[in-house]
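Student: Below is one structure. I have some questions about it.
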């Protein structure tokens, strides 16, 4: 779908494409990408399936599920201010705000939040009185503050409105259990698992109920089904380790204890007190079920034959109907309300008592009751409920006993102890869709209490926007007549780089009147960019783990020799050892102590990460994953230095204690049910992206880096990035990284495939992993398999997965003073072994390969709707002004980019004037940053369409401007360069022929190299011959370089 809007940005239904891409990314968990596509759909004024209000609702909801509650709340509140907001959408918005107040601690203290949550939910009911979902959430709020009667009424009304909701039945079960009515709780849980056979909370609570009456076998069956719910297609969350631990404990208990002992051993040596004074009748038949019962009975009376499944369903409904009649008669005789509005939860006289210290459901945590150290889960456990489906009916189990307020404890115990009760339960609940697995496949854990399972987002996507989307998408959408602006047709005149600027201008006259779209700098006839297919050559085990190319530099002459630059450019990654000592670099200038003395309050971005070995990457449940957890925050150099030092001191103390045989468990340690100690994953803080670009603050540090050879310097005439003309933080400026052991830089390619330089300051080492650029498409495929965004996501590749896919991985250690050269397009990830600092920046060698990879990634980023940090068009024009190119391929690539963008300028000006838009000359100041579209984040060169939005002027590309207003009404057009100036630069950029000077024979420098044992696919071309117009002393040598010189 992305290809549609890439090939034809003016596509008349582009907003529908963005809408669908937004939903796809939302379901896939790429919230950042989803927001971007929804905003692009919102900015397009063409007719759309969803209204602007509904799209704004989805943007707000994306912020909510992305754990940005304050931002989401702001978007929701802005939506409520709209006078024309449909009542259905108003109800949905109120409901989401209300539930956020219930579960999000960041919105205030709980005592203050709950009344606000109830207020918003009641406002939602006023707008949509028949919303079963809102009634269910309202019941959750009432239950959390002890208003049991109101909660029960809300749940009962919710069942009447939407009987097929397993969450409601599970919550009813929780309410009954809190009121010490396990029989009614049992029936409610059974209804829940009938409606959703993967409902983790209901299965878990049912297992706890059985375990509380000393039925470990039935409890184990329920816990196993709960664990299977985690592995279902609908559930994407990792399995709760406490649940796996409980399964392991019960398996061990059943294996080691006689069955007679288990049957006679109730929890804590007592049987539960099952019947309260004022029992509440369970609501087991909804209006829909009563209707179904009547229809089936009429069919039988009319002599119609029922199928076996219909007969079974009829028997269940009849049985439940008789139970309901009996319960109603008992209730009428007692004339006592089941849940008085003034009643508070009664103290339980059994082990199944309410934990009054935690009676709430905030943070989507479960209400609990203690039963042998276990807690009680509540509500929906499926975070992603977009595709949730439930059975059409909610029949109860035929094994349910008749309800009677006079049932004794012994009778209940006997009924729950029926030998086949667990089996009957499993038979009645259709488990055909459950993926059966061996018990040893269930992950173990080490905590003897079954903790509540997190329920981060129980809000189902049953909003009007989704219903409207499904309804209208099913209907045939009448496509409006195409805009007057159409895409370029095949009959357009052809252009080539041999034409002069004047000829280009003459030949493209009138083309702008037909309409203009954003152009591709790869060429109109080139296919859309795509990741490369990996080489077909099958690699041996040794080739999958190649030796990393490295060179030892022992003198300044070796460091400045052209052979060193050639060596780096010939390999995907290279280690230059000893260069700091050879050039007498004072790395102490980048030590933590010096940094604190220079600028203690300088900002540091901190990433909180789990401490893991470099070979593993696991989630909190111990499952192997690719996703790399990282939480962002801010601090200062001085504060991080204190953390770095204390981390080192703690490590030294632990090592000393270990050598003396002292083992102290930390406060975070716990034990499993078998008494085995288990340590929680430790967290660490990684100080990253420390900006050292300010020459006033970091003059000494930046001056020291001028000792490096020209090809590795931050600023050099032979570095493309030095010709951008403005700062790109972290690319043509230095960034510092402050690390403790385990600090991770996740897998990535450098921005726009530029090369990078990384120097380890020390004192500790770093471990590097790298994959040649020819295999980046294979890495991207593995990321997608693991449901991760290659560009936006944070991922740590699994080495075994790479080996299975035939991907070679370099692995090496970077010592203090070592320089790592990362070549164009190389995929890499890094982990600190010890305490150390690193400095890094990007460079762009003036080669055709570097430029080609740069524009390839520029266009692929455009296809992926990912912002290119390097403005390749702006850079190309500056290169044409500043350098003379002698390499034919590099010249043709740059000249082609100039030609396409110059033609674009001609057509844009013609189009703007045809729409009666005044073009004003704006000019461009030195060091001005390149412009990007405020909607799609594409680079905008020379011709800027400006529109005021929210009291500020926003730059638009031509496509976004036309989508907002086809006739450009409300836009003004600014021109940054005079056309005559651009035409002159274009004409003056010609291929420079270099005559090699006659030089006396010079003895070639021999580098002490360590080459790979098994060369990988063919290396990239060697450095191209480029002569800069300025800074000749820093130019790359024009003397031909060959591999034989090594």
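Placed from the backbone N, Cα and C atoms, the Cβ positions cover glycine too.
Curation plays no part in TrEMBL annotations; they are all automatic predictions.
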Student: Taking 188-211, 212-235, 236-259, 260-283 as the choices, which stretch does TrEMBL tie to region 'Disordered'?
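Tutor: That would be 260-283, the stretch labelled region 'Disordered' in TrEMBL.
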Student: Which range is it, out of 623-651, 652-680, 681-709, 710-738, that shows up in TrEMBL as region 'Disordered'?
Tutor: 652-680
Student: For which of the residue intervals 997-1021, 1022-1046 does TrEMBL record region 'Disordered'?
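Tutor: So the range that TrEMBL calls region 'Disordered' is 1022-1046.
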Student: Check each of the ranges 110-164, 440-494, 495-549 against TrEMBL and return the one annotated as region 'Disordered'.
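Tutor: That would be 440-494, the stretch labelled region 'Disordered' in TrEMBL.
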